[in-house]
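Engineer: Quick one: the structure is below, and I'll ask about it shortly.
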Amino acid sequence: MSEGKQQFKDSNKPHKDSTDQDDDAATIVPQTLTYSRNEGHFLGSNFHGVTDDRTTLFDGEEGRREDDLLPSLRSSNSKAHLISSQLSQWNYNNNRVLLKRSILKTQAFMDQLQEENNIRPIFIAANDEREKLHVLQLNIKLDGQYNTKEKNGFNIEKKALSKLFHSQIVSVTNHLNALKKRVDDVSSKVFITGDVNTGKSALCNSLLKQRLLPEDQLPCTNVFSEILEARENDGIEEVHAIPLNIAPTLKEAIDMYSIQNPKTYEIHTLKELPDLVPQNGKYALLKIYIKDDKRPASTSLLRNGTVDISLIDSPGLNMDSLQTAEVMSRQEEIDLVIFVVNAENQLTLSAKEFISLASREKKLMFFVVKKFDKIRDKQRCKELILKQIRDLSPETYKRAADFVHFVSKNGDELPHYHNENDNEDHGDRKPDDDPYSSSDPDPDFDSLEDSLRNFVLKKRSLSKLLPAKTYLSKLLSDIIMISKSNMKMYSEEEIKINEQLETLRPEILSARAKCNDLTTSVDQMAEQTITMTYNNTKEALLNALDVPLHEYPKYQGLGQIYDFIFSTEAFIANQIDESIGSSELFAKQKTDLLVKKIYEIGKNELGDDFMCERVFRSELMFRKRKHLIGKRLKVSLSITDLFAPTWKGFLSYLSWQKPVTAPLPDIEGQTNEGQIGLMKYLGLKNYPLTQYWSRPSLLFTSKIPTLTLYFLGSTKVVGNIILNGIKLSSWSSLKKLSVPVIVVGSLLGLTYLIHDLPRALPMNLSIKYKRKLQELDYIHLNAQRTSNEVRDVLRVPTREILRSCEIIMDKKQITKKELENKKESNLLSIKFFQSLYEGTVAQKLMVEEINLDID
């Protein structure tokens, strides 16, 4: 029982450890001795109103001898035993408090590790045998092999390891919680396990001295069975079966089971055990309550008068993977492991895996090697099994005499044990039944029983608290090792980071200077091309109307003067459009050349860092409508635009000098040199003769009107001179002479204006358009439009150069920033692990100083 009082009743037999019969006879044996676990000491004789009980020996009270009652005597041996028990209990309680504090402190360390691992993944040396972890080791199994056992173990990325380590921390934290519960619990749980069909149930029956659990040559225990003293169930012997529909897993069954709540279990009799233990598909856990009151406390295991003990019989390890996993997990909740080994098979792989897991906290485990009598070479069998135990549990190997027992009898046959299940009425027991009165001596099994009782009862601190101390010591050692390895790793990383930063700084300066030079050079080339296109457009428009007269539309006579005016105006507008088109073509060519050059420079200077997938198409430039101001490029016409007389032109016309328009090539069919000379003399070379015939007004462009006026005028003047020659000096003669002169002159002037019209109209329109261009600032606006288009196009490659340079600089700056952040993070980690290391070392020293050997 975990609380209350326990009474040790007189066995009427000498203690089995006594060697001197006379001493036994002289020893005063108490009739009743009451001990309170809650108070931690033995109770006085006046407890519950007991006064002057001369059959009780405590605090000077009287007892009786083994053969007859004697007067009250003080026994110095009993007094010493009482003091020793109280000191042992005080030492146990003190160690329990220290361990609880250490567990809480270690949980705080694990929380800190978890927080650090979430922020900065913790480094775990998975393949380093020199820094092999015990509890926090990550055994990653791949293709049937563990990474820690391979020389060239596979490597896992750091973040992936940190996630695995997170799961390990959660598992360790849960284990620490289980440890804390076990330290608080005053009862002890003895876990009997082993491979399938090794006789675990038979061993359990042997320890209980009764055939309680079913035994068979085939595996029959499939459900975890925990055997407890019936006092915890009001003295009623029965089975509490926790079904799977209430608790699907073993852990849930343990947590949900409550003896005060019948809804959490089913009640069965002990007779039904053979039918219950195989039903792992129906039950998760069996709680078996039996009475172990037919034996004295000195030999009873469950009712020993010192501590509540429960035996747990488990399914075989290698029978089912799910059950094996449950057995593995159950070891965290028990205090002592009794591992049953078949001498013929020795320790299997599943057995080794369980022992390795359990040895994290349990330095000492009992090994019971059964069927040893069937082995021919017993010494060799012992050596092989002990060698396996030495590798898995070194402390157990060192104390093999107490913890490794080779049992010759297989335990399957118990002819000397009374089978309580054979009674029709289980509660009907004969008081004089002696369950082992006919038992034959078995030194091997007796040695096992003595060692087990001595370890569980007399060395309670070791059996109950040593697993917690061992686990804490190993866990703290792991934390120390992890702290040291991480501090070392971060210190080495800091050296590398400093070297990388020293190398990176000049690279950044060089890249910045190179990018500045490159972008400046590209910008200058772009500005030069933009300026060139601006000047070219401006110059083209300025020279657009400086066209030779012969390139203007041909004059077709007065009858088609309107067409001549319209065609001349259209010609001037077309000249302006052509100059704009030529300037745009020039801009396209220059832009195309520069874009290719910029891309080539970018690839040569920046290499693979310059990535441009754009394809420049110059034909897509200037696809927008011409400048809107071109719609207003219209001039008004007047009659005066047809004339532009000059004295020089008039005198040239009168003197028959060079013609107004340039001569055309020889007209087809006019091959006679004399005829050509005559037409040239008369000014008829500008048009074919047929046009002069069809359009008589074209004659005004020749010399015929002048010759006609000259001929008529000279005839009139000469006739007047001949008729009035002697009167030339008289006023009347001059008056008569001036009339024909004025008429001829007027006619000559009129013919000159008509003759000059093919020159005057183009010249006047050209002057008007030039003024209009200046008035509208048309030249500058179009030059600006062209240069802006070039600027927009060149902005793409220049920006790509700039962007590539920025990417290069950003990469280096990001690398630098990452290194600096990594350095800062490493410093924080070093500081964290330094603090964790110091705290863990101090805590480990405190744990190591807890002395559990004093009982």
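Each residue, glycine too, has its Cβ placed from N, Cα and C.
It should be emphasised that the depicted structure is a prediction, and the values quoted were computed from it without experimental measurement.
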Engineer: Which of these, SER258, SER310, SER314, SER408, does Swiss-Prot say binds GTP at the same site as ASN197, THR198, GLY199, LYS200, SER201, ALA202, LYS370, LYS371, PHE372, ASP373?
Structural biologist: SER408
Engineer: Which one of LYS189, LYS458, LYS464, LYS538 gets the tag ubiquitin cross-link in Swiss-Prot?
Structural biologist: LYS464
Engineer: For the set LYS398, LYS409, LYS554, LYS812, say which residue Swiss-Prot annotates with ubiquitin cross-link.
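Structural biologist: Going through LYS398, LYS409, LYS554, LYS812 one by one, Swiss-Prot annotates LYS398 as ubiquitin cross-link.
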Engineer: With the ranges 475-495, 706-726, 832-852 to choose from, which does Swiss-Prot describe as transmembrane segment?
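Structural biologist: Checked against Swiss-Prot: transmembrane segment maps to 706-726.
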Engineer: Starting from the Cβ of ASN197 (GTP binding site), draw a 10 Å sphere and report how many other Cβ atoms land inside it.
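Structural biologist: Neighbour count, Cβ to Cβ under the 10 Å cut-off: 17.
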Engineer: Rounding to the nearest whole angstrom, report the longest C-alpha distance spanning ASN197, THR198, GLY199, LYS200, SER201, ALA202, LYS370, LYS371, PHE372, ASP373, SER408, listed for GTP.
Structural biologist: 19
Engineer: Below 8 Å Cβ to Cβ and six or more residues apart, same chain only. Which residues does that give for PHE372 (GTP binding site)?
Structural biologist: ALA343, LYS378, CYS381, PHE406, VAL407, SER408, ASP444
Engineer: Let me check the 10 A CB neighbour count of GLY199 (GTP binding site). How many other CB atoms are there?
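Structural biologist: For GLY199 (GTP binding site), the count of other Cβ atoms within 10 Å is 23.
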Engineer: Averaged over the domain 'Dynamin-type G' (184-467), what pLDDT does the predicted model reach?
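Structural biologist: Over the domain 'Dynamin-type G' (184-467), the predicted model scores a mean pLDDT of 82.
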Engineer: May I have the DSSP-based helix, strand and coil counts for the residues of the region 'HR1' (484-547)?
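Structural biologist: Per-class counts: 59 helix, 0 strand, 5 coil.
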Engineer: Pop the Cα-Cα gap between SER201 (GTP binding site) and LYS398 (ubiquitin cross-link) into the table, whole Å please.
Structural biologist: 28
Engineer: Within 10 Å of its Cβ, which one of these binding-site residues (SER201, SER408) has the largest number of other Cβ atoms?
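Structural biologist: When each Cβ's neighbours within 10 Å are tallied, SER201 tops the list.
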Engineer: According to DSSP, does PHE372 (GTP binding site) sit in a helix, a strand, or coil?
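Structural biologist: DSSP assigns PHE372 (GTP binding site) to helix.
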